[in-house]
There are 2 protein chains.
Amino acid sequence: MALTMYPLVLTISVATAVTAISSPHPLDPLSPREITAATSAVSASPLVLPSRSTITFHYVDLDEPEKPDVLSNDNTNTTTLRRHTFVIARAGGLTHEFQVDVTNPSSPSVISHDIHLGPGFPMFTKEEQIAAQALPPKYPPFVESMRRRGVDTWFNLSLIAISIIPFIAGSKPWVDMQDVVCRVLSMGWFGTVETRRVTKVQCFVVGATANFYARPIGGVTVVVDLERMVIVGYRDTGVSPVPKAEGTDYRAGKAGPPFNGELPAPGVVVQPEGKGVQIDGHVVRWANWEFHVGFDMRAGMVISVASVHDPDADQWRRVLYRGHVSEVFVPYMDPGEEFYFHTFLDAGEYGLGVEAVTLQPGADCPANAVYMDGYYAGADGKPVKTENVICIFERYAGDVSWRHTQIIRPSDEPISEVRTSVTLVVRIVVTVGNYDYMLDWEFMTDGSIKTAVGLSGILEMKATNYTHVDQIKEDARGTLVAENTVGVYHDHFITYHLDLNIDDTKNSFVKNNIVPKRNSGVRATGGAPTPRRSYWTVLPEFVNPNKTTEVGNQVGYRLVTVGATATSLLADDDFPQRRASYTKKQVWVTPYNKLEKWAPGLYAEQSTGDDNLAVWSKRNRRTKNEDIVMLYTVGLHHIPYQEDFPVMPTLRGAFELRPSNFFERNPLIRTAPPKNFSNCACSPRSR
Amino acid sequence: MALTMYPLVLTISVATAVTAISSPHPLDPLSPREITAATSAVSASPLVLPSRSTITFHYVDLDEPEKPDVLSNDNTNTTTLRRHTFVIARAGGLTHEFQVDVTNPSSPSVISHDIHLGPGFPMFTKEEQIAAQALPPKYPPFVESMRRRGVDTWFNLSLIAISIIPFIAGSKPWVDMQDVVCRVLSMGWFGTVETRRVTKVQCFVVGATANFYARPIGGVTVVVDLERMVIVGYRDTGVSPVPKAEGTDYRAGKAGPPFNGELPAPGVVVQPEGKGVQIDGHVVRWANWEFHVGFDMRAGMVISVASVHDPDADQWRRVLYRGHVSEVFVPYMDPGEEFYFHTFLDAGEYGLGVEAVTLQPGADCPANAVYMDGYYAGADGKPVKTENVICIFERYAGDVSWRHTQIIRPSDEPISEVRTSVTLVVRIVVTVGNYDYMLDWEFMTDGSIKTAVGLSGILEMKATNYTHVDQIKEDARGTLVAENTVGVYHDHFITYHLDLNIDDTKNSFVKNNIVPKRNSGVRATGGAPTPRRSYWTVLPEFVNPNKTTEVGNQVGYRLVTVGATATSLLADDDFPQRRASYTKKQVWVTPYNKLEKWAPGLYAEQSTGDDNLAVWSKRNRRTKNEDIVMLYTVGLHHIPYQEDFPVMPTLRGAFELRPSNFFERNPLIRTAPPKNFSNCACSPRSR
């Protein structure tokens, strides 16, 4: 499509105060003013539609400057780079893409416009989800279905008893329609390319509990056309029980009598010499690390241009150009009518930044945390602020970064050198419907970066007639976590986009194979004349000799998995697997391409898998001594247990990027032993 | 052999003050008085030898009471159970085993005596290691070897240059013999059953560094007969370079100029309401946990009778009867003459309790830690005290134990319920020669127990002529971590003995297989009439219905791996692998047998693998609905990197035992939100 410039002069009124950013950085997320400038420019563009009333904004993101330009401005003040945005909007039943120059937010200009014609749609807006969720309670067949469930004790009766309960017209519904809430569930893709943005809507009963996810209304399927905002499909397969409210609430004081056992004593981290972290706009400096923290509607948190200080060389060295969650694929394992389509792509369908929550100081993050706000574009193009959406804190977990005890000679005093481990955690928490993801990047003084996912929140549950395991005669597709409630089996595949940049843009991926070897006992054939019969050695598949240490080892970082290494078990030809076919492998290495940020493709909603990471990689592009990106998937098969009900204790998965012949030696070798402090005290403050 | 009682009356003088134990527990480790009583009784026993001067004590441990007797006295005061000890001593060239009743330490009685006639020997004593290490510097051929290496700048010359340096009789040795230190290295077993306790001794140059492990004297092999305490084998294959001292020291201020970059700000955990942990003798009570912490010469730390409080049932429920490290197998991957025998069994050869270090407050453990001392028997039978050998602290790492954010209706205030995670860490640090193992048991309020291993300390290094990777033409069996220094490839297999006791002594092991399934689309054949083509389900191999939750799920705990799942790659017929054949599988489940604590067998030193865990398990004993024990191995293949030199940043491996349908619901559901505290401050104290 056409690529033309549309200079505009706009009067912009920004509802939210612009945060003062002391040092602008080329990778800074869009400011509220830039968001408004971009969406206003698009709305005013004659290309879109004569009437601007029907345009909705689905994605507004920084259109990253070229990597060489960013790196030449690395973490320093710059006014030379232009600020571009990338905008996805729906208008006239089409998906429009725009690039808008917002370098001067007072006069933004649309510099390109394109229309997406292939399969897949942009992320849902929050506004359309709210509108769709309001439809069923006003839809007469749905009201009728609710009336048919109008016996408030029926869920203790057997299925036979339920089937003979007569429908009594005009009887008082067992539940007020005010107690019915609904949620938009993306419907995935199952072989038919939809030209309409349709979605399924699932309804629940709130009643006496906040935990409506524990009380699904089974048997009812609602399909909504999101653009016309009408119900276009409805089916009620019959009355099935709604699980009871009792024992499901998770609010303090609502979860039954207060816990009567012993609780851990409260503790607070005190930093006697103040915080060690300095934040300048979005640039974070801490200990031997410097990096940029961004925020994006889809990715959530983005870590960029991370460099580590080399204490021996006394220089800053690049490690990571850009790292963020690329996608979260969550397929459920019930092929039945109400659950088969539960195959979510949380980032591409809902947006991790959109669903990120305001963090609770002292609870989501410890007392010594500092916070950043986030802004994204609403459907109307106006900036939406999420306060305290990212927190940054120094972690003192009581661990040791290195130690050694030695008595050299029997008469000597023991040497005991110990260095404590202090790390910097950067955290965002994303609640996508029922699930809460705690997404941490942890920077370590030994040069490592650890990336961790904590999963909490609420299971997706299915209403069932079963009240006891003994009644289950066929596969329940999950665990009976409470009476009438099955926690459905599912997976979580959190795929990270890791644009590593070890000292230089050009890198190579090295797979070190550990290979068992037989010792022949004969030196001439490479063996050793000892009784040892076997050992292992390391055979790298390929290496890149661009840069080596003084003794000649290739400089690099290595990937260390920390649990959660599951890959998808779905059939290759199954529709959800085709969309997320990349989840069959844990590690992908691809050449850098600014357009390949999102593992399932740019348009994940109702995507068909024709434009995803696995497809791109079929091109067998060169990855040796190139600007490469690694995509790594943290994978968990989640078999629910009763402990996951009514709210889940945090499950964890992680991985670590660890320096590997990157430094000449342990970079912490010259650090001083820890100081001791005494006379520490706090005064309590009520909440 | 005979099993008779030998009542004795002894006058005992205990050098170390007996710690006042308020509530004795049947699993309490031996007190100094009990150690002395046991060894004195053995020394006085007419069965041993006419002359008691040659007896050496290698192992003195509590001989655990029978499990039913302990459980009937669970964590309560008791005076009913007798205190027995199990003693291994060497005398007259034989390995003797004794049981000694020390219920009344003033009149201990030997109640059994046996002689071990099979292969394998008990742990080395510290005393004999010190004596053996002192032999080479006084051994003329060794002194001659050192004189032949008498050029203090040779290590900068090439191999050719070294070979033509003439031996000048009477020239001053390049190194004072005071700078040579030696270490006992167990020699493993390679097909010949030794009837003598012989070992190899490796020597190093200290010189200007404390890090002598970085300066091995290559080419020299010393074999010592430990009972005659004489060198019985000596070989010098020629002069090879000793790596330089420069850059190897790890002592503060000795590791080069102080670190000039930014350091993390110091932080202290403050507990405004005091510590939450109560320690009564060896019984620890904290939050919803109660357990016993013991200490043993071989296992190091032992966790026993751990029970968790069920807040809904308001009762204490058993989880773990006894858990400890069973063995640490560390095979090196160089089959050459100087390294092939490096196949250590750290617990069975050296003793994790013997090698455990005094913990540094504020460094090994945070400021809020409390400590326990440990006692073990010296070779002379006298108790040896290690102060502050175990620490216990509440960890506030800034994590969340569960959370959920929810806006129920668009008009509602958001609900955000967050509970912080506080855990209790119980730690011991063991330095076996060059390696430091940080061994944590972490108790969590959600009912989980996490067991973690941190590895730091110093690599085992091999002297080499190489100064640059480009010179390496054949497999170096490791990484060139510095000039003339190869960090040799190796493994660590830390095997845990986990005598789980879920609610009852009789348990079953359930292997939940996740099985991919095809959806046929036909309901009659178990499919669903949807376009979904695949899913997975869970097929347990077997279950035990002794106890179920209210809705009928089997109560249990599950094993969650947290990285470090390597298994051994050595050939099955290789000698070290035969000794530690159990390291080919991560999980073993065996029926409880008090005599099967140690995975490689009771006598690990020079063991032949005829009496290890894999051998016991060949008997195919019943494990369903029995008193069973799980043995789980944390395994790491360690490829050294330059960052591991001269001292290693901590590497970690872990696993978690997590309640799985053990509770009716999330046990933390009724806990209150965290309190906030303000006005926290500390005053600094110089170290």
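Easy rule for this one: first residue shown is 1, then count along the chain.
Cβ coordinates come from backbone N, Cα and C, glycine included.
All TrEMBL annotations are machine predictions without curation.
Annotated features, as they stand in TrEMBL:
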- B:ASP346: active site, proton acceptor (ACT_SITE)
- B:TYR435: active site, schiff-base intermediate with substrate (ACT_SITE)
- B:25-105: domain 'Copper amine oxidase N2-terminal' (DOMAIN)
- B:175-241: domain 'Copper amine oxidase N3-terminal' (DOMAIN)
- B:269-668: domain 'Copper amine oxidase catalytic' (DOMAIN)
- B:TYR435: 2',4',5'-topaquinone (MOD_RES)
- B:1-20: signal peptide (SIGNAL)
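The two recorded residues, B:TYR435 (active site, schiff-base intermediate with substrate) and B:ASP346 (active site, proton acceptor), have Cα atoms 10 Å apart. Looking only at the domain 'Copper amine oxidase catalytic' (B:269-668), the predicted model's pLDDT averages out at 93.
According to its DSSP assignment, the residue listed as 'active site, schiff-base intermediate with substrate' is in a strand.
B:ASP346 (active site, proton acceptor) falls within a helical segment according to DSSP. DSSP assignment over the domain 'Copper amine oxidase N2-terminal' (B:25-105) gives 22 helix, 24 strand, 35 coil. The DSSP breakdown of the domain 'Copper amine oxidase N3-terminal' (B:175-241), given as helix, strand and coil counts, is 6 helix, 28 strand, 33 coil.
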